[in-house]
Amino acid sequence: MIAIIVVAILATAGRSDKICIGYHANNSTTQIDTILEKNVTVTHSVELLENQKEERFCKILKKAPLDLKGCTIEGWILGNPQCDLLLGDQSWSYIVERPTAQNGICYPGVLNEVEELKALIGSGERVERFEMFPKSTWTGVDTSSGVTRACPYNSGSSFYRNLLWIIKTKSAAYSVIKGAYNNTGNQPILYFWGVHHPPDTNEQNTLYGSGDRYVRMGTESMNFAKSPEIAARPAVNGQRGRIDYYWSILKPGETLNVESNGNLIAPWYAFRFVSTSNKGAVFKSNLPIENCDATCQTVAGVLRTNKTFQNVSPLWIGECPKYVKSESLRLATGLRNVPQIETRGLFGAIAGFIEGGWTGMIDGWYGYHHENSQGSGYAADRESTQKAVDGITNKVNSIIDKMNTQFEAVDHEFSNLERRIDNLNKRMEDGFLDVWTYNAELLVLLENERTLDLHDANVKNLYERVKSQLRDNAMILGNGCFEFWHKCDDECMESVKNGTYDYPKYQDESKLNRQEIESVKLESLGVYQILAIYSTVSSSLVLVGLIIAVGLWMCSNGSMQCRICI
């Protein structure tokens with residue numbers, strides 16, 4: 001009878017009201033790395049790195065790029081005859097140079113500081129081409145016969161459209177020629193000149209005459225003087241001679257003076273920079289140019305994103321994310337995603353004391369599950385969830401600001417220095433990128449660890465808040481759950497959730513129920529002890545009886561001799 005009562009009471013206790021603290025889980029398979037772990041599955045995360053692109057060139061701020069087509073930068077800017085379609089004023093958002101372009105420097109030679117020139121041209125947005133030194137500037141010399149088969153046009157010999165190859169006339173010696181140009185405008189002027197180096201003395205004498213020859217150029221900020229270097233060289237493009245090509249900038253208010261008595265490749269047409277930008281670019285690519293608009297253009301294509309970083313290309317123009325070498329910069333915003341195991345039931349942790357998250361709780365990160373006579377259900381704790389959301393949002397913005405500060409520091413450092421030093425900065429940029437990439441990855445790993453720890457702490461805090469309210473009015477089940485010693489209807493459950501639980505109100509009922517359960521447990525323990533003693537004694541008597549019976553049987557059939565001595 002006592003055992004039946006115990007079973008009945010325990011069964012009733014199994015249907016007691018309960019409340020559990022838990023956290024959100026979902027079907028996400030997204031994984032992040034932390035400073036201590038790799039491939040941690042989380043409920044929510046944000047990828048800071050863009051890696052998708054549209055493989056085409058578009059307009060930037062409604063301004064089209066300049067397609068050099070079959071010409072190189074050198075061929076266009078010097079005026080290769082095959083690049084006549086590019087003559088005239090030009091404007092662009094950026095310049096596209098094709099890797100297969102063949103029309104560059106036609107008469108063999110080297111353009112001095114070409115990379116710096118490309119950086120300068122890339123920073124321009126609009127240029128006006130004008131005649132700087134008309135042919136009439138140079139008297140007593142031939143300004144029309146300086147052509148070469150190396151620079152053909154319409155099957156005949158020609159020369160660069162922006163340079164003038166000056167040679168002596170057949171009837172007179174090459175006299176000293178002089179020219180001057182004063183930049184009275186407000187824009188800087190890009191101009192070119194060259195020095196011809198014949199392969200032998202015969203060609204030198206034929207073109208310029210015998211004797212020492214020189215080319216001199218000078219402004220308020222530049223001085224140049226060079227004499228021809230006559231030497232035998234291998235043929236390139238059918239020519240054994242060479243031309244050294246030079247360029248410079250004539251600043252507003254400066255005057256360019258030219259003087260030569262031979263071997264001068266004189267400036268003819270020049271470019272006036274009407275509009276410049278510090279964010280220009282020259283892209284070398286075969287991507288098509290299409291009638292489209294973009295805010296971010298890279299050499300690899302268009303980016304359309306609101307992400308902070310990209311790993312598509314370090315060469316870009318427009319409003320683009322910063323480039324890093326990382327494959328991913330995924331920042332955790334949610335919790336570890338550990339959905340509960342069905343066989344373990346509902347009650348069960350993050351933080352070491354709840355075994356799994358709740359996929360049924362969808363309106364918050366942390367919350368409750370209750371069970372009473374009126375039913376059961378989930379409810380999110382909106383206050384702790386909102387605080388966590390705000391904190392993580394601020395964290396994401398803070399990380400972005402920290403990374404942007406790293407990137408912008410060096411740019412500001414070089415912004416007011418000469419272009420040559422700025423170019424050196426670009427060459428060093430790859431090394432800076434390694435450091436920035438490492439810093440970005442390390443920062444994300446550290447913040448991911450902190451985010452998961454934050455969620456852990458928030459669940460624990462919620463658990464401790466409930467525990468401090470219930471005290472001994474509920475039994476701790478040890479898995480994030482509490483079993484009430486009293487009846488707790490929906491109103492009671494709500495008071496626990498919102499922190500207004502009235503402990504004294506339920507104290508007496510809880511105490512009484514707790515004592516009854518403990519009493520039944522003690523009585524049931526006594527019954528079990530009596531049954532255990534009875535069972536032990538009974539088993540011993542049966543065993544002794546069996547031994548005696550076997551002994552008598554063996555004595556009766558002679559298998560064992562029995563002697564009784566008195």
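Glycine is no exception: its Cβ is also placed from the backbone N, Cα and C atoms.
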Of the candidates Cys106, Cys151, Cys292, the one Swiss-Prot records in a disulfide with Cys58 is Cys292
N-linked glycosylation site, as annotated by Swiss-Prot among Asn27, Asn311, is found at Asn27
Residue among Asn498, Asn557 with Swiss-Prot annotation N-linked glycosylation site is Asn498
Same-chain residues at least 6 apart in sequence with Cβ under 8 Å of the Cβ of Cys106 (disulfide bond), in sequence order, are Gly75, Asn80, Pro81, Gln82, Thr148, Ala150, Cys151, Tyr160, Asn237
Using a 10 Å radius on the Cβ of Asn27 (N-linked glycosylation site), the other Cβ atoms enclosed count 8
Rounded to a whole number of Å, the separation of the Cα atoms of Cys320 (disulfide bond) and Asn306 (N-linked glycosylation site) comes to 9
Cβ proximity for Cys292 (disulfide bond), under 8 A, sequence spacing 6+, ordered by residue number, returns Arg56, Cys58, Lys59, Val302
Cβ-Cβ distance under 8 Å, sequence separation of 6 or more, same chain as Asn39 (N-linked glycosylation site); the residues meeting this, in order, are Gln31, Asp33
